[in-house]
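For 223-379, the entry in TrEMBL reads domain 'Helicase ATP-binding'. For 438, 441, 478, 481, the entry in TrEMBL reads Zn(2+) 1 binding site. Marked as Zn(2+) 2 binding site by TrEMBL: 447, 450, 465, 468. Marked as domain 'Helicase C-terminal' by TrEMBL: 457-631.
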Ligand code: ADP
Ligand code: ZN
Ligand code: ZN
């Protein structure tokens, strides 16, 4: 009796048994492989499942089992063995339904059940053992000797070619039985990559390189902590060169909007190789072809954002996670995973090294390095001779501010421009102003669906909610009292831009935020313009802190450092230190040292003082000590259960019951906090609550999360309630 155990894309955390499709021959049955896509009847519809395993018994009586409809994949399953193992681990670790994890790992083309188009040719190649044989080996079997000789001439030879040369499949199989040859796939355009020579490494870089390429190879996780401009990318490039030289593939993860064209250009200049870049703006067909190229081993280097961590590789040799601290590696809805953490697991499964690089490593990675789980390499100096910029606070109390700019700062901006240099102004708030109020009656412009104020976008003449899609025309009078005095408060980039253009009319002002930088090439074009080096003002949100270097910028100012100082999230200080260090790192080069000015009303705030007097590495270690004392991540583990419901009470009631059930048999080393309203208690018309679990130690967190999930699944859900679990959450 053959039974197929399948994972289906449903929210149910279980697998489903089916009988094989009718009419499958014994050979077909023998060829079934985990990872194949199988179409099945599911309720009144059809679904596409992934084969988890073939077994002989089911808990369901055979008579009740339905037959699958079709097996969609041939010899190469859509989910490769490596990705299969990775998805199973992820489903287990994140307590997410396996079917949805598989689905998330596949390109849309395959998710929709379309046939594989691998564009590959079946071929044979020698195994390492076969490669060790001298020419003229196997003299007692002339046919095998002939096959061996043919395979010795090339890396791999297509089966067609071999057959044309009179070498039969049976002969090749006997070589395979001896462990001398193996099947492989040959891509039409497969070629050997060429690496152009890199820079001569400085001693820090050389030491990091040597540490990462430790003899014996295999899995190891390396944290590469190097200040901005210290030459991390150069180290990645040289590691990749070594990886390609061994005939292996490299996977490079980058943050969203993090892959600057300058970086990509460096990759292309260094390697004469097939480089595929997987990002969300890619057309579906292209994305699928690139995925196949990676799976077949044609693509030598795969660069991509978060979900690229699930790209199958025929010969994985190295994984790099650049800017590993970046928030975009965490998926915040649906299948909530951290691509950085999945990357580490993946490297372990593939037995290859993984390098986590950052100027501002996450406390998680630092913790792992300090505890000895990760190797730690430091690049404390900028490559070449550029100095890191100085950081100063500018006390703006009692100072008149115009569009958030104090007179003292405006003067420094002017001097810098006069000297022919560039200025970068950081303001992490887009739009004209974050709120609008009636001066007569006090009416506030608020989103009808969220507990949030609407942002004024003056140029579009609209009010927009930054938490949902809601937007409406900017009123000219108060909708409550028809008063005409509508006042904005606070300053966004749009307002600052207008002011800067008036005040510094002789110089170009470039605004960089998600409103002004639409389209993939906008940022690229702008970066090129700016790096011509003419004096100008760059004004923008955190979009400015990613991916691009602006060597001609010598003055960086944070217009509202206070906005970063006060955060309800326990990660607030870590994020501030990362953000400011990253902004500061954009500036200055060898002959033009930079300066960073933080405008603040709280010059004595300890977090601000820390920014002035300590570098990131020192701050991070201090923050880590605090976390240890409080038992907070990464020194303790966190799990978050969230609900959202149309009804205001349903979520809290659900979580309250969950808490009571959990505490009926508590898991040791675990504390529950809540239920509490979420930081944004209502969003898109849905009320949100959360229950937080703090655990001391991974095993406790795992056990508690498993119990929470089991209990939550058993609870009735009222009022259209949804719940989700988030392991290692990064948002409150
Ligand atoms: P990071 O990735 O740490 O920001 P990069 O690798 O981009 O640093 O290096 C910063 C700058 O220093 C680049 O212009 C790079 O070409 C240069 N650079 C890096 N390594 C060296 C080296 N060993 N010798 C000379 N210049 C280097
Ligand atoms: Zn009014
Ligand atoms: Zn809204």
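First residue shown is number 1, and so on along the chain.
Quick reminder: no glycine exception, Cβ is built from N, Cα and C everywhere.
Residue 468 (Zn(2+) 2 binding site) sits 27 Å from residue 481 (Zn(2+) 1 binding site), taking the CA atoms of both as reference points. The 10 Å shell around the Cβ of residue 468 (Zn(2+) 2 binding site) contains 16 further Cβ atoms across the protein chains shown. Mapped onto three states, the DSSP output places residue 438 (Zn(2+) 1 binding site) in strand. The residues near the Zn(2+) 2 site, meaning same-chain residues not in 447, 450, 465, 468 whose C-beta sits within 8 angstroms of the mean position of the site's C-beta atoms, are 448, 449, 452, 454, 466, 467, 469, 470, 683, 684, in sequence order. Over the domain 'Helicase C-terminal' (457-631), the average per-residue pLDDT in this prediction is 89. The shortest Cα-Cα distance from residue 438 (Zn(2+) 1 binding site) to any of the binding-site residues (447, 450, 465) is found for 447. Taking the binding-site residues 441, 447, 450, 465, 478 in turn, the residue surrounded by the fewest other Cβ atoms inside 10 Å of its Cβ turns out to be 441. Close to ligand 2, meaning a Cβ under 6 Å from one of its atoms, is not one of the binding-site residues 447, 465, 468. Counting every protein chain shown, the number of other Cβ atoms lying within 10 Å of the Cβ of residue 481 (Zn(2+) 1 binding site) is 12. Among the binding-site residues 438, 441, 450, 465, 468, 481, residues whose Cβ is positioned under 6 Å from ligand 3 are identified as 450, 465, 468. The separation of residue 447 (Zn(2+) 2 binding site) from residue 478 (Zn(2+) 1 binding site), Cα to Cα, is 15 Å. Look at residue 468 (Zn(2+) 2 binding site): DSSP puts it in coil.
Neighbouring residues of the recorded Zn(2+) 1 site, listed in sequence order and excluding 438, 441, 478, 481, comprise 439, 440, 442, 443, 479, 480, 482, 483 (Cβ within 8 Å of the Cβ centroid). Taking CA atoms as the reference points, residue 481 (Zn(2+) 1 binding site) and residue 447 (Zn(2+) 2 binding site) are 18 Å apart. Cα to Cα, residue 450 (Zn(2+) 2 binding site) and residue 441 (Zn(2+) 1 binding site) are separated by 22 Å.
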